[in-house]
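According to Swiss-Prot, the feature active site, proton donor/acceptor maps to Glu138. Under the heading dCTP binding site, Swiss-Prot lists Arg110, Ser111, Ser112, Leu113, Ala114, Arg115, Asp128, Val136, Leu137, Glu138, Tyr171, Lys178, Gln182. Per Swiss-Prot, the feature compositional bias 'Basic and acidic residues' maps to 172-183. Per Swiss-Prot, the feature region 'Disordered' maps to 168-198.
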Amino acid sequence: MRLCDKDIEQYLDDEKIIIEPKPDSSMISGVSVDIRLGNEFRVFQDHTAPYIDLSAPKGEVQEAMNSIMSDEIFIADGDAFFLHPGELALAVTYESVTLPDNIVGWLDGRSSLARLGLMVHVTAHRIDPGWSGQIVLEFYNSGKLPLALRPKMKIAALNFETMSSSAARPYNKREDAKYRDQKGAVASRISQDEKVNK
């Protein structure tokens, strides 16, 4: 069951859901909380790699990732990050979110931004029960013009769904949780995935 605005406010007041800094009531709508853009970004650099073999040995995957991903880029408040048409970039939410073991979060883009071609997540919009940290955004500009994105602008909406019971394996207790307590525009850690050989 999705939480309505009254429930979201109560869960925030009771600290069952923690969003830092805590949103004021103007950021809470009927079923969601507005989330703002943070200051950290990463882009894919010019490179000569013909491809990344995602099933290669971990070291090779990490080496390929290091060759294409930029260091973290900090954009000061008031300045803009420009996302060009056809470009993929990573960013991070201004807010940090902590969920209990019995709530899953869903991050959705804003319709007004989507109508300009901005996707705020490529496929990863689920926030697992037990999550704690900032949320990395996978930006893609499918429009025709560059988009100027500024820290602290409203960038997405987060809504919450109660589960039938608490998760037996919440994110914060999993040994394979690669993004636990995430801060900043963390690049893919796919090289840490366990290889499954069948």
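Glycine residues also receive a Cβ, built from the backbone N, Cα and C atoms like all the rest.
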- Fewest other Cβ within 10 angstroms of its own Cβ, chosen from the binding-site residues Ala114, Leu137: Ala114
- Message: Measuring Cα to Cα, how many Å separate Asp128 (dCTP binding site) from Glu138 (active site, proton donor/acceptor)?
- Response: 17
- Quick one: Cα separation, the residue listed as 'active site, proton donor/acceptor' versus Ser112 (dCTP binding site), in Å? 17
- Task: Would you count the other C-beta atoms found within 10 angstroms of the C-beta of Glu138 (active site, proton donor/acceptor) for me?
- Result: 16
- Item | Under 8 Å by Cβ from Arg110 (dCTP binding site), counting only residues of that chain that are 6 or more apart | Val120, Lys154, Ile155, Ala156, Ala157
- Note on the structure: Cβ neighbour count (10 Å, all chains) around Asp128 (dCTP binding site) is 18
- Across every protein chain in view, the count of C-beta atoms other than its own within 10 A of the C-beta of Ser112 (dCTP binding site) is 9
